[in-house]
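So Swiss-Prot has the following annotated:
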- Leu76, Cys77, His78, Met114, Glu115: substrate binding site (BINDING)
- Asp129: active site (ACT_SITE)
Amino acid sequence: MMSKLTHIDQTGAANMVDVGAKDETERQAVAEGSVRMNLETLALILEGNAAKGDVIGAARLAGIMAAKKTADLIPLCHPLMLTKVAVEIEPDQTLPGLRVRALAKLKGRTGVEMEALTAVSVTCLTIYDMAKAVDKHMEIGGIRVTEKGGGKSGDWKA
């Protein structure tokens, strides 16, 4: 674990980290999360009968778009030239609900954990938005980074 917060300077003020001297390397991050819902709501989504349309398709696109906007949403986050963002949404009858996984990749000087987390978060929020009319008890949770690769600190898995 690092000994200090990198986005705070010596005086305690917010600071955008200078990554200009870092080498460009292939980097990737994977994040996950889930939306718990009633089994009836899950069935409605999987059958394509939600009033707002294709929940899974819309949520996937929203997550990809959100990853590309991470620097606009998170203060001090570097704007990145992502080379890939992939969002997977899988039904889980035992949850019950939808499990979301996002992969973000680039060749650059800083990691893509925030982009993967943003993709998962907005995907889950979109699922919630599109199904809230039929299920007021949905719960978003478990959002975390599960792996990262590349850069000076190397590879990591949860």
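Placement of Cβ uses the backbone N, Cα and C atoms for every residue, glycine included.
Keep in mind that what you see is a predicted model, and the values were worked out from it rather than measured.
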Using the centroid of the Cβ atoms of Leu76, Cys77, His78, Met114, Glu115 as reference, list every other same-chain residue with Cβ within 8 Å of it (recorded substrate site), in sequence order.
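Once Leu76, Cys77, His78, Met114, Glu115 are set aside, the remaining close residues are Thr70, Ala71, Ile74, Pro79, Leu80, Thr110.
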Among Glu115, Asp129, all listed as recorded positions, which has the most CB atoms within 10 Å of its CB?
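The residue with the most neighbouring Cβ atoms within 10 Å is Glu115.
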Looking only at Leu76, Cys77, His78, Met114, Glu115, the residues listed as binding substrate, what is the longest Cα to Cα distance in Å?
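Result: 13 Å between the two most distant Cα atoms.
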What whole-number Å value do you get for the CA-CA distance of His78 (substrate binding site) and Asp129 (active site)?
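Their Cα atoms are separated by 28 Å.
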Taking DSSP as the reference, which of helix, strand or coil describes Leu76 (substrate binding site)?
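SS state of Leu76 (substrate binding site) = coil.
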In sequence order, which same-chain residues at least six apart have a C-beta under 8 angstroms from Cys77 (substrate binding site)?
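Counting only residues 6 or more apart in sequence, the Cβ neighbours of Cys77 (substrate binding site) under 8 Å are Thr70, Ala71, Met114.
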